[in-house]
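A.B. asks: Just passing along the structure, written as structure tokens.
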Amino acid sequence: SGESGAGKTESTKLLLQHIMNLCKGNSQLEQQILQVNPLLEAFGNAQTVMNDNSSRFGKYIQLRFQRNTVQGAKLSEYLLEKSRVVRQDTGERNFHIFYYMFAGLSAEQKDMYGLLDPSLYRYISGRFGTQEVAEHWKHKYQEVCNALDMVGFQEQEQVDMQAILAGVLSLGNVTFEPEESNGSLKVSEASKGWLKAAAVKVDVLSQPVSCALLPCKAQSVSCCCSLCADARDSIAKVAYGRVFGWIVCKINELLAENVDPDVELREIGILDIFGFENFAVNRFEQLCINLANEQLQHFFNHHIFQLEQAAYKEEGLPWETITFNNNEPILNLLLAKPLGLLSLLDEQSAFPQATDKTFVDKLNSSFKGNLHFQPARGRVLGFSIIHYAGKVQYAARGFLEKNRDTVPASIRGLFINSVTPLLSVLFTGKVRKRFLLQDIAHVAVLWLDGLLIFLCPCQHSLMVLMERMYSANPHFVRCIKPNSQKEPGVLDNQVVLLQLRYNGLLETIRIRRDGFSWRPSFEEFAER
């Protein structure tokens, strides 16, 4: 764990390499486990203002051993930041794979996929890069192609996948205008070429965008255009999310252990999760990310302070209690039922007439006087939360729409009946459904209450992850960011000290120094 840009993903790769080396990792499986990283990073990582290769999803890697040899592995992913597909803030980019495709595809391949100059596409904000950067991306594209071959993707599957990505980019340029005869909406004349480019590659898109999106009677034209744009973006996000989930499933098929089911395997799990974020503008996605980090901090406190000191008291040892910054009140603010922030968000999302403003008004009235919540000043539509790592101001616009994250049923049906084989597979339920933010709320509330109930059958949910973590013997790797400028070899003392303080590492050092860090069994002690 650690801030965004602190080195979690790189540390994970080094740790994997180290484990494989200890296993004398020469087998094909062990090499494959190391080689899937370029694929995951291409589709799941992006440049942010804090990190040029930021993980925009969480991953949990399970390595399964028999007699100190890796027999199999499994990857679980959750909370992919799909909104990045359709919008990025200043200084940020879309997922790497889009840029790799533009740099790595030949002119003939681009023509086949209907790709034009990258500066024309709204979903990548017209930003591409220097020639030097393009050469780097071209090399990365080749790495991705090699990884796809190694994992076992068929040639047609790779073609279909890139066709879907190209279609997503073209779809982003589709705009809407009123029909003169009856006042309904239609695809604008200027963007019909983009719709055709998207429909050629993703044939289901032409119908829903032009006629099946949303009823717009008795609403203004601008409002209807906005609703249609939202539905267009929803199609793009869900298509990308399904492609990502499908890639993870294919990787797991490759890495699955081939042993007798009755043989008991031992396991090492590595969690590489997105770091705490505080940008100039923080949205729904940052709330999800920071909530996950709050839960991990609570898990850390539980093991390092609560269990440790409880063991000393149980043994009757003379011990002066070490206090720590308990973030349970913040988790209660976010997760309590029925008046926690997420419960109120779900409640408002269920009302068709509710807006982001009514949601914020509800928060302001419900959390008046709460030390960890601050209303926004003036007419700003937002609120602030005092997290364990500091104060974060959230812009509330889009919270309800992102929490609903709905795609019209008619569109799902068109996807299923697509003539593009991969699209049909992605929407027939063979790839797991996305993990909902609401599931996080249920998970955390149940853990805070000391209960373990499976609310979600999805085995990749955060609940299953937390169950594994609480039942295992955890080791914590705290990654510390040396400076805020992404510069090598520069150690900013104040930046480092702030992280040591809010992570509770100063108290951790004290409990390690004053406590009993070595715990031999009686047998080991007697033998010595």
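Any Cβ shown, glycine's included, is placed from N, Cα and C.
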A.B. asks: Please find, within the list 94-116, 232-254, 324-346, 462-484, the residue stretch that TrEMBL describes as region 'Actin-binding'.
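C.D. replies: Going through 94-116, 232-254, 324-346, 462-484 one by one, TrEMBL gives region 'Actin-binding' for 462-484.
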A.B. asks: Looking at the domain 'Myosin motor' (1-528) alone, can you tell me the average pLDDT?
C.D. replies: 83
A.B. asks: Around the ATP site recorded as G2, E3, S4, G5, A6, G7, K8, T9, what other same-chain residues have a C-beta within 8 angstroms of the site's C-beta center?
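C.D. replies: Nearby residues not in the site list: N51, G275, C479, K481.
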A.B. asks: Let me know how many other Cβ atoms fall within 10 Å of the Cβ of G5 (ATP binding site).
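C.D. replies: Cβ-Cβ neighbours of G5 (ATP binding site) within 10 Å number 22.
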A.B. asks: Let's see if you can do this one: DSSP helix, strand and coil counts over the region 'Actin-binding' (462-484), in that order.
C.D. replies: 10 helix, 0 strand, 13 coil
